[in-house]
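Going by Swiss-Prot, these are the annotated features:
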- 1-22: region 'Disordered' (REGION)
- 1-31: topological domain 'Cytoplasmic' (TOPO_DOM)
- 53-91: topological domain 'Extracellular' (TOPO_DOM)
- 113-122: topological domain 'Cytoplasmic' (TOPO_DOM)
- 144-174: topological domain 'Extracellular' (TOPO_DOM)
- 196-221: topological domain 'Cytoplasmic' (TOPO_DOM)
- 32-52: transmembrane segment (TRANSMEM)
- 92-112: transmembrane segment (TRANSMEM)
- 123-143: transmembrane segment (TRANSMEM)
- 175-195: transmembrane segment (TRANSMEM)
Amino acid sequence: MDSSSKPMNGSAGGSPVGDERKMGDHEHEFRISIILLRSFLLVLVIISEALMVTDRETGSVPLPFFGLPRPVFVTKTAKYELVTGLKFYVDALGVVIGYTVLHLLFNIGLVATKGTVVDCKSVAWISFIADSMMGYLLLSSAAVATEIGYLAEEGAPAVLWRKVCNAFGYFCTVYAISVVICFIAALVSFVVVGISAYHLFRLYGIQQQAAREKEKLSAEM
């Protein structure tokens with residue numbers, strides 16, 4: 001038999017079987033990397049959420065009254081529930097936590113069972129779009145909390161809004177830490193979006209290459 005005959009499936013010359021194995025290897029590596037990154041993201045968001053939800057401080061706030069030589073001090077407890085924007089912040093982080101947990105369970109299940117969804121581009125598209133939405137949700141919620149924190153720190157004399165961080169220093173410190181961690185989580189989430197986009201469009205390239213190899217093999221047979 002001529003030694004220069006056409007390569008069999010799985011030979012070094014490339015084949016649909018080799019391309020499918022390449023797709024499977026890429027899928028497994030992608031799942032492992034995304035599990036680690038999403039786990040890090042989840043830890044950041046949980047810490048940010050926990051700091052804001054548990055942040056409490058009781059202090060005395062001066063209330064000036066006309067006709068009185070000195071302001072009247074009233075005891076108040078600073079907490080996120082008092083501000084609508086911070087309720088949005090906490091709710092947004094809760095949504096991201098829920099989504100990330102579900103996505104982690106999905107990916108862990110695929111790795112544990114050696115499952116694959118490489119042929120389902122619709123799933124990759126949904127994941128990419130949802131990841132993008134979570135990233136923008138984190139960024140917008142952190143921006144809202146930053147604006148509220150700025151008003152609490154500096155006040156707004158033009159509309160007679162007083163500074164409150166001078167009376168609630170501990171609350172504002174923990175508040176700031178929570179917001180900074182949220183911004184870091186937003187950056188990590190956009191790294192996740194980038195990986196999702198890379199995986200999505202790589203699927204198109206690998207599948208197109210596999211289709212060309214199949215057509216070439218059919219033509220040579």
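Every residue, even glycine, has its Cβ placed from backbone N, Cα and C.
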Close approaches to the transmembrane segment (92-112) from elsewhere in its chain (Cβ under 8 angstroms; 6 or more beyond its ends): 28, 31-32, 34-35, 38-39, 41-42, 45-46, 48-49, 52, 127, 130, 134, 137-138, 140-141, 182, 185, 189
Helix, strand and coil counts within the topological domain 'Extracellular' (144-174) (DSSP): 20 helix, 2 strand, 9 coil
Segment confidence, the topological domain 'Extracellular' (144-174), expressed as mean pLDDT: 84
